[in-house]
């Protein structure tokens, strides 16, 4: 069977920890979209592992698959694999031959485009890792796929077609001299060919490439369990998110089918677990109706740190929750939980269960609020509007909950749900009721043993 893990908010919900939590019953963990822009942290046997491309389950000795919906930077991939091996692990990672490859010029173009957007306050908040430009080339039918790295003739043909186009973009559209860039070799066919053909040789030598759909289907047919791991979150989905402040792929459950080669029926017959942070965070620009305080350069109209409402509360949550980007180190914007957002995410992906993380971060507050509904042009909305411009005009209608005290969270995790403070349980049960979806797990700390497990999906 399959279990699909979907971020229900704006990313950084703690998906990797839930993948790890249920990992003992899994044979294969497959990522179905994104690239090395999606950082996740896994704590295993007291050791912390920060990954951006290797699937979380590989830390526990499971087979990790990067599906065809992913974009793969072989530099990052092999750096992570080599680092894990140096720490005594031996990750088994397979790469879909249909997955597209992030090439050096993608990263350069990503940086140029974001810098130009920043001059007009239209920046999306990209990590600069070439994800968007790679997906653009995929849609434009000029990309290079992992399977191409295995065939030198095909690889050279692809590069000789696309690289001159990219040089022309830099020189004729952006009016820059390629030779004066920090990495002029990023636009050199021979340099790219030599480096990426070597990556192809390593893929072959280590038998890493697969036909992902066929591989995963055979795994399921053998009675094994497959976990499908999404990156980022629903609200930055290219179709269902707050466009244009989105990623370039589909983190929602629908992307699990297209990004692995499994049928929608197979994915739909399994469990779909939405991962919910007990409050809200965001990296980058765009609306955030329940925001507390702000971050200069990200929060619209926010020009001086410390000027926003509830700044002290925002800093408290940010520090208690360690709310800084895994990949970029950028401070995350923080806000109260947003129920219209979660209702939207639940509908889009059809969650059969949710996992609520970071409940402990809110402990010690006198009052905890939730954005229960929005008001837009005098009308109350229970779910997000379709356009970002409408969302930016929404005002949150809050519901208040009495806070809960700090407790020994490790003991609470061991004893189970009934050991939670009563007010914390009221908060959890409100979320379950509003989404009509049970909480399968409740995270009360960063470690695997600091999660209350109420339901095993496998």
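Glycine is treated like the rest: Cβ placed from N, Cα and C.
Listed features, source Swiss-Prot:
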type     : residues                                                : note
ACT_SITE : 12                                                      : active site, proton acceptor
ACT_SITE : 40                                                      : active site, proton donor
BINDING  : 11-17, 39-41, 332, 358-360, 443-445                     : GTP binding site
BINDING  : 12, 13, 14, 15, 37, 38, 39, 40, 127, 141, 232, 247, 330 : IMP binding site
BINDING  : 12, 39                                                  : Mg(2+) binding site
BINDING  : 326, 327, 328, 329, 330, 331, 332                       : substrate binding site
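Secondary structure at residue 232 (IMP binding site), taken from DSSP and collapsed to helix, strand or coil, is coil. Annotated pair residue 328 (substrate binding site) and residue 127 (IMP binding site), C-alpha to C-alpha distance, rounded: 7 Å. DSSP gives residue 39 (IMP binding site) a coil state; it is part of no helix or strand. Ranking the binding-site residues 11, 17, 39, 329, 331 by other CB atoms within 10 A of the CB puts 329 at the bottom. Under DSSP, residue 330 (IMP binding site) is assigned to coil, being neither helix nor strand in the three-state scheme.
In the three-state DSSP assignment, the secondary structure recorded for residue 17 (GTP binding site) is helix. Sequence-distant neighbours of residue 330 (IMP binding site) (same chain, 6+ residues apart, CB-CB distance under 8 A): 283, 298, 324. Within 10 Å (C-alpha to C-alpha) of the residue listed as 'active site, proton donor' lie the following recorded positions from 12, 14, 17, 331: 12, 14, 17. Cα spacing between residue 39 (IMP binding site) and the residue listed as 'active site, proton acceptor': 8 Å, rounded to the nearest whole number. Counting every protein chain shown, 27 other Cβ atoms lie within 10 Å of the Cβ of residue 12 (active site, proton acceptor).
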